[in-house]
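S.K.: This is the feature table in Swiss-Prot:
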type	residues	note
ACT_SITE	Lys59	active site, proton donor
BINDING	Asp8, Lys30, 57-66, Thr116, Arg177, Gln186, 206-207	substrate binding site
Amino acid sequence: MSIIVALDAKSQYDALSIADQLDPSLCRVKVGKELFTHDGPQTVRILQDRGFELFLDLKFHDIPNTTAQAVCAAADLGVWMVNVHASGGRKMMETCVERLKAGNYRTQLIAVTVLTSMGREDLRDIGLDVEPFEQVKRLAQLTQESGLDGVVCSAQEAKMLRDLLGTEFALVTPGIRPEGANADDQKRIVTPKQAMLDGSTHLVIGRPITKSERPNEMLKQILSSLA
């Protein structure tokens, strides 16, 4: 079990201001689209120099060759983990896995199933008349069959996926909120302890830590709750 702190900051300065209050031996960090688009690979390198393993959360989704090139570019940065959209399909995901193996990269590759902000009506709007957990199940199985290391999923689906996919498949879970925290824009949320019990291997936690007056103390409290 590990905690990934989401550095959902607008600038490198803001991200580093948070990271400098965290102990890299206690967590990994996640860099997403806004921060990476604003400041690029430099922010990744600085965080790595500070001792953090990094999850580059860019959710690549394109034709197979283009997606694989982007994944390998992320691996060239030395990131610990990168992700793609499982809805890009089997060929796209398999091509990414093949390229990473050919390059002897150690970067873990996972796939996004259904965004945690999406409910049944949101899926219906894009032509998928299914419950979110059914689509998660379908895409998670496809991801495993394609050779990836794991999926991003809601903790509410984690137990079902753990039973379905076995013990070696990573389940990376956003929408984690400690007891009493605001749900913000996440529709499918759960506490850290419950997520761990349900089979999640990595917990993505943002605002409850990054907006805390003492981020590292909040991180320690969450880790203690998992003991």
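Even glycines carry a Cβ here, placed using N, Cα and C.
What does the local environment look like for each feature on the list?
M.R.: Around Lys59 (active site, proton donor), a 10 Å sphere centred on its CB holds 16 further CB atoms from the protein chains shown.
Cβ neighbours of Leu58 (substrate binding site) (same chain, under 8 Å, six or more residues apart in sequence): Gly32, Lys33, Phe36, Ala70, Ala74, Val82, Asn83. In the three-state DSSP scheme, Leu58 (substrate binding site) falls into the strand class.
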S.K.: Out of these binding-site residues, Pro64, Gly206, which one has the fewest other C-beta atoms within 10 Å of its own C-beta?
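M.R.: Counting other Cβ atoms within 10 Å of each of the binding-site residues Pro64, Gly206, the minimum falls on Pro64.
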S.K.: What three-state secondary structure does DSSP assign to Thr116 (substrate binding site)?
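M.R.: Thr116 (substrate binding site) sits in coil per DSSP, no helix or strand.
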S.K.: Work out how many Å separate Lys59 (active site, proton donor) and Asp8 (substrate binding site) at their Cα atoms, rounded off.
M.R.: 15
S.K.: Which three-state DSSP class does Pro64 (substrate binding site) fall into?
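M.R.: Note: Pro64 (substrate binding site) is helical by DSSP.
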S.K.: For His61 (substrate binding site), what residues in its own chain, 6 or more apart in sequence, show a Cβ-Cβ distance under 8 Å?
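M.R.: Within the chain, His61 (substrate binding site) has Cβ neighbours under 8 Å at Thr67, Val84, His85, Ser87, Gly88, Met92.
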